Amino acid sequence: MKFILYVLASLVLFGLSVLLSLYSSANVYSATVMISQSPVHITIGLNVCLCLFFAIANALKTLLFGSLQTFELELLYEQFWITLTEIMLAITVFREAISISFFMLLSTLMFARVFHSICSFRTERLQIQLTDQRFHIFSRLTCAYFVLSILDASLIYLCFTSEHLGDKSTRMLFVCEFSVLLLNLTIEASKLCIYLYEARHLDQVWDEKSTYLFRLEVCRDGLRLLAYSLLFMYQFPYVSVPIYSIRQMYTCFYSLFRRIREHARFRQATRDMNAMYPTATEEQLTNSDRTCTICREEMFHPDHPPENTDEMEPLPRGLDMTPKRLPCGHILHFHCLRNWLERQQTCPICRRSVIGNQSSPTGIPASPNVRATQIATQVPNPQNTPTTTAVPGITNSSNQGDPQASTFNGVPNANSSGFAAHTQDLSSVIPRRIALRDGWTMLPIPGTRRIPTYSQSTSTTNPSATPTTGDPSNSTYGGPQTFPNSGNNPNFNRGIAGIVPPGWRLVSSNTQSLSTNSAMTSLYQNASSADNNLGSSLPNVVPLSRGLTQSNETSNTFPAASSNISSQLRELHTKIDELRETVSNFRADYNSIRTSLNQLEAASGINERIQTTSADSLLNSNGMSGTEGFENTQTSITTNDNQSSILTSSDQTSPFATDEDRQNSRNVQLETVDENF
């Protein structure tokens, strides 16, 4: 309504200016001369021409497209700034050729771009379902393609033949632009034909549609790049720096490169989808949401179809609705996943890449498999060699083809340690020289050195040899290595470092230890035959019920490390005996002082209160595995009217215990020792 009022006001103002010129002039010729020479009359005339141009364009838009929707207006507004930048560059380059004809061609080019953009929006948005409601839209869109193609061809011919529109360089600019618009219109019409063909064959799925669409887009970008390259070569003799052509060439080249790269990633992600994305089991579907995130339909395993199949609509031919599991653990339909991968090669839920073993993006919560990956990355693969053995810890041996199909304690896709596991995440980090039996896995021991390196020059007869840090090639990463007491037997290294590396422990899903488990003891037969003393050096094995809590257990150490620990324990026991003797002396002195105070108070009859507080306990009886400790003891001596009383309070146990209370084993653990005491 506002635009109509603006057009009417412009026409009325232009009519008044013409009447005023005729009234003040003797004849029509003099009135025409006055209008052409007066700046006010020229401005009013240009305003009327612009209003008429906008009115014609608006009428053509209403005729071809009808009313625009909100999202179309937003997209046009976004493209307006790009078009405005290109116009400014064109005016800067061709500032000498600026004229009324130049502005008319430039305005026509702007509106032609708007119409072509609307056609592109409608084509991409159009769902080719030829019902009675959509047939009118489809016919109007076809008419718009026909009218715009005639308009583009006419303007190209006009710019080629009409010399009064400007010099050759300016006309070639508009020829190139209208040719690119005609090319875009042809590509969009071809895509519309592809959509129409797909709509005519709804009873089957056309998987090759994405390939044809990609070829059309590549042809579009390639021909655009060729057109602007020819324009650059033609304008170079006339324009010193053809900035406009350079920008268009860069845009086309980047679009072509990005499209080819995305298609290559799509081909990589969909090369063998049945092998890359295993079929989700019925148990995994039960433990997760059965609704597909893309189509919002319920997913079913092929072996467990829905019960009410008669009420459901028949699926088109070739439509694969098999639930596929991504590396991140999310499940989607096969067909929905393929359509999604055409646009993005990431999970639609967590945005994790589906190509390769890539980590989660920053700021996005990790999937359950990431926890298992973080644990497994602490174990190096000694030789980084592929293996065909089962993944350690998979509890369901019948699903070796799909390592993710097992569960443990209600956790989907979990190994025996309770963490979710994935073959691609664990195969390159966990040492897999030997296969672990079902119900066993390896967990790291926090706070321990893993995979220590022993020097080549270490004597095999020296039991106190200490581990040294050397070249990784001389460690259990795969290089040669000499261990204490190994002799010349080659099975020693394989028995220790080849099965369970130092700093790790075996964890079982039952309460049976390694020494009584015949299934796991067979793994160490070769190692046990290498050395008679090897049985005492077997890795630390704990049940699963204690595996996650015993983080401070002693790790699998070599004889040299065991010797150092024994010497440290002997020194610790010596210090404990010295502390006990000091405590005994302190107790005797304390008793003598207390007796003297009682005698002094009874003799002198002085009313005073003496309050003494003993020192804090030196050792905590709970932390010393049977060794008593001092508790907070407070003694109050109160004397009132020649009467004294001694109040002694203790938390649990008096520090002055008898010898029987102090009897305990040598298995102690020192947590805190005050050396200044």
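Each Cβ is built from the backbone N, Cα and C atoms, and glycine gets one as well.
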Phosphoserine: annotated position in Swiss-Prot, out of SER367, SER654: SER367
Same membrane side per Swiss-Prot: LEU73 vs LEU165: yes
Residues of the topological domain 'Cytoplasmic' (162-171) by DSSP state, where helix covers H, G and I: 7 helix, 0 strand, 3 coil
Average model confidence [pLDDT] within the topological domain 'Lumenal' (193-225): 84
Per Cβ pairs under 8 Å, the stretch of 3-23, 87-107, 141-161, 172-192 packing most closely against the transmembrane segment (226-246): 172-192
